[in-house]
Amino acid sequence: MQVMASLVVLGLCFMVLAVEPDGAYGSSRGSLAGNSAAAAAPVTNGICAISVTTHGYKCEEHELKTDDGYILNMQRIPEGRVGGSRGGQPVLIQHGIFADAITWLLNSPEQNLPMILADNGFDVWISNTRGTRFSQKHISLNPVQPEFWDWSWDELVAYDLPAFFGYVFNQTGQKIHYIGHSLGTLMAMASFSEGHQADMLQSAALLSPIAYLSHMKTALVVLAAKAFVGEIATMFGLAEFNPKGPEVSAFLKDLCDNPGVNCYDLVSAISGKNCCLNASTIDFALQNEPQSTATKNLVHLAQIVRDGVIKKYDYGNPDDNMKHYGEAKPPVYNISNIDRELRLFISYGGLDALSDVEDVGLLLDLLKLHDVNKLSIQNIKDYAHLDFIMGVNAKDMVYNQVVKFFKYQQ
């Protein structure tokens, strides 16, 4: 049994599709039975205090409720460091798996995307999906309950993303520019393909887009997916996969302390050979553990790896699928249904082992009928998965292009 449990932990460690570490600071966990989101206690020691106001930027903590009862946390940077008038066009920034908003804030203010956008006059909103440390509250459930973790990225598409869009739109009264990285791109494309958020969406920038996953060069992730590691973990009752938990933490610490293992190489083996990471940023990131997610979420992603189809969660048998979907097989997300007039900016790396060039090619093929004047594509040959959020030259290579893309529409 101990050997099997160790294999489960090992396999799931390598299923971190972004391995995007973040700061191991406080958290907000618990239920709010009988209370509304408006009655929730505000976060006083959150990401604003940790990584934004210390650099001289104004920052606001916000909480909102999804239609299925989760209380989600957001950060707002309403203006640049030197001030200026409020009312800039809103930008919603969405992290990937095992990450939260602080992932975008690992670099210095001059090099991280939210502060660059704020300094360019945008009203910046950074979201934290359910299960991350400051989004671990629910109106009736508690994170210690398995039911709290009964979700996959389908629920992020159906509940979290609409809640973020609706809240920002209601607060600002303006259409929203969207930025997603890794799983944040899959959430967006799945949602947009079903016509959601259309009346609130101005444009979207997709960095390291995740859609098809069958050509990933990360052998360990593929092995874990094809070995049904996530399903095995579910059988053992592991509803929450917590990388901060003792089993995973001890395993990673022992691995990184081994003289024969370089943790930078471990990250590269999973995400691709990142060209442009700063040593101090890597050290900071590796000192801070990633966020929790639902094991069911990992199972859903593994299904895409195995089946090569972008579809809703497969419950494993026709009867259960029929109960949830009214059909024996899970419905497919038809990415080609994304509005052809929607302005899209897609940036991907030539060395990305997760958002593989071949898989991005399949995605672009789905968008072949998109208005060519509304679709901007950037390929950075020496970039891998983490360069897009931590690269020392990401401002010059990616972020300035995103700013221009958004400003062109004003």
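Using the three backbone atoms N, Cα and C, a Cβ is placed for every residue, glycine included.
Automated prediction, rather than curation, is the source of TrEMBL annotations.
In TrEMBL this protein carries:
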SIGNAL    1-18  signal peptide
DOMAIN    53-107  domain 'Partial AB-hydrolase lipase'
ACT_SITE  S182  active site, nucleophile
ACT_SITE  D352  active site, charge relay system
ACT_SITE  H385  active site, charge relay system
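Cα separation, the residue listed as 'active site, nucleophile' to H385 (active site, charge relay system), rounded: 8 Å.
For the domain 'Partial AB-hydrolase lipase' (53-107), the number of residues in each DSSP class (helix H, G, I; strand E, B; coil) is 8 helix, 21 strand, 26 coil.
Cβ neighbour count for H385 (active site, charge relay system) (all protein chains, 10 Å cutoff from its Cβ): 31. S182 (active site, nucleophile) carries a strand DSSP state (E or B). All protein chains considered, the CB of the residue listed as 'active site, nucleophile' has 31 other CB atoms within 10 Å.
Rounded to a whole number, the distance between the Cα atoms of H385 (active site, charge relay system) and D352 (active site, charge relay system) is 5 Å. The Cβ of D352 (active site, charge relay system) has 29 neighbouring Cβ atoms from other residues within 10 Å, across all protein chains displayed.
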